[in-house]
Amino acid sequence: MRWPAGVPPAFFPGVPRLFLDPLLYAFLFLGLFSPGPNVIMLTASGARFGFRASLPHLFGVVLGVGVIGAVTALGVGALVLASPVLGTVLRGLAAAWILYMAWNYYKATRSPAGMVADKGTPMTLWQAVLFQWINPKVWAVAFAASAGYGAGMAPAWEAARLATAFSSVNLGVCLFWTSAGALLTTLLQSPRRWQVFMRIMALLLAVSALMVFL
């Protein structure tokens, strides 16, 4: 059987590691499932706007994280690491955006029962995609995955491999946290509970913004 250039023949037939490396998938699950900006914002969006209204945000995260995985395999990540100025700019933008979102959560007054109008809107698909480019946690996981779980393939195949792994794992992660947020609305019917929940989300986001510089 012939195989594409850059792909070791041991990967065929069946392609066991090309897209189904269990160690890579386990690492990505642990890295993406743990609390971070995406997890916090999707949980809050599910609670604040409901599961269906949060779907554009959810799919934007899935798409954006997959793209970051791919471009890291293509060497873009190395350019970021090689430029201290660019790295500092990206961290500053990330911290500013995360703090802005934290402030919006802190001010949110709408309860799930709709007692008070909420002027906020869910994040759009493309907003979520673009946010991943300044999301420090996603870059960190992508760097580690590319360095520690590379398969020695040609860059294009490595990019396809990481994009597939990141997107598929993150889809399950995002569905879980958005659903969890939507289900929390049954426990947040009083304005006081709702306010406490949103302020906890705001605090967690603010902490994640500070961790950008650690």
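Cβ atoms are placed via backbone N, Cα and C, with glycine included.
TrEMBL lists 23-46, 58-82, 88-106, 138-157, 163-184, 196-213 with the feature transmembrane segment.
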Surrounding residues of the transmembrane segment (163-184) on its own chain - C-beta under 8 Å, 6+ positions past either end:
19, 21, 24-25, 28-29, 32-33, 38-39, 42-48, 50-51, 54-55, 57-58, 61-63, 65-70, 73, 142, 145, 197
Out of 23-46, 58-82, 88-106, 196-213, what stretch is closest in contact terms to the transmembrane segment (138-157), meaning most Cβ pairs under 8 angstroms?
58-82
State the residues, same chain only, that lie 6 or more residues beyond the ends of the transmembrane segment (88-106) and have a CB under 8 A from a CB inside it; answer 'none' if no residue qualifies.
37, 41, 44, 80, 120, 131, 133-136, 139, 198-199, 201-203, 205-206, 208-210, 212-213
